[in-house]
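The annotation domain '3-oxo-5-alpha-steroid 4-dehydrogenase C-terminal' is assigned in TrEMBL to 104-252. The transmembrane segment feature in TrEMBL is assigned to 7-25, 105-123, 199-222.
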Amino acid sequence: MHCYENTVSYLSYGFILTGLVHLVLHRKAQSSYGRHMVPSCPVRKVPARPAWFLQEMPALLIPLLLMFLMQESSAVGKHLLLKTFCLHYFQRTFVYALLTRGQPLPLSVMMAAALFCSINGFLQAHYLLHCTHLEDEWLSGYSCKIGLLMFYTGMAINIHSDHILRNLRKPNEVVYKIPAGGLFEYVSGANYLGEIVEWFGYAVATWSLPTLSFAVFSLCFIGPRAHYHHRFYQEKFKEYPKSRKALIPFLF
């Protein structure tokens, strides 16, 4: 399959620009879902489990479809795609989505997330399968090793943090409690920190514009959400640990 270089560039720069715009527009308030849902806002909602399943699924299915349809591609591209990007979204689709106890999501939020996952799934898979020119020695290079170490470390943090959050609640319970354990001892957004580390590790491992653009987009989107979660905890719980930061241990 031909590499659509212009499309890859436009989408990559578009992700960076969209992330920066989101960062500016959401300085005073966060997207209305989860704990930041506006109670009086009359919107159509989707139960949490099917919502997360449906919105995450395209980022897994599209890369798998492109891999199935491709005629020629480097083993490096296949290996990297299967071990990183698809692994994350398999976990999000078939583990996180089916175990979550979160609140229903607005239909508009779910549709926007599904659209992004579709576009990003195509961008990352198409680039890795048809646009990269990585030598076999690349796998033993420092960039790949460091990047994959960051990715799997971030993924472990993300999964462990989600486990802690999920078990704060009893079934059918809709209350907020102070998370403890793991990196929650240092930051309020441990799950977000894990995912940000994942995608910057992915960008280091591939050393490409499309992967970097996704990492920047993730930082701009969920970084501020960690800040607002931190503020939420501080306002709701007087006993909230004062030494705990929002996203980066000991710093911010």
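Placed from the backbone N, Cα and C atoms, the Cβ positions cover glycine too.
TrEMBL entries are annotated by machine, without manual review.
Sequence-distant contacts of the transmembrane segment (105-123) (same chain, six or more residues past either end, CB-CB distance under 8 Å): 8, 11-12, 15, 31-34, 37, 43-46, 48, 51-52, 54-63, 66, 85, 89, 210, 214. For the domain '3-oxo-5-alpha-steroid 4-dehydrogenase C-terminal' (104-252), the DSSP counts in helix, strand and coil order read 104 helix, 4 strand, 41 coil.
Mean pLDDT of the predicted structure over the domain '3-oxo-5-alpha-steroid 4-dehydrogenase C-terminal' (104-252): 92.
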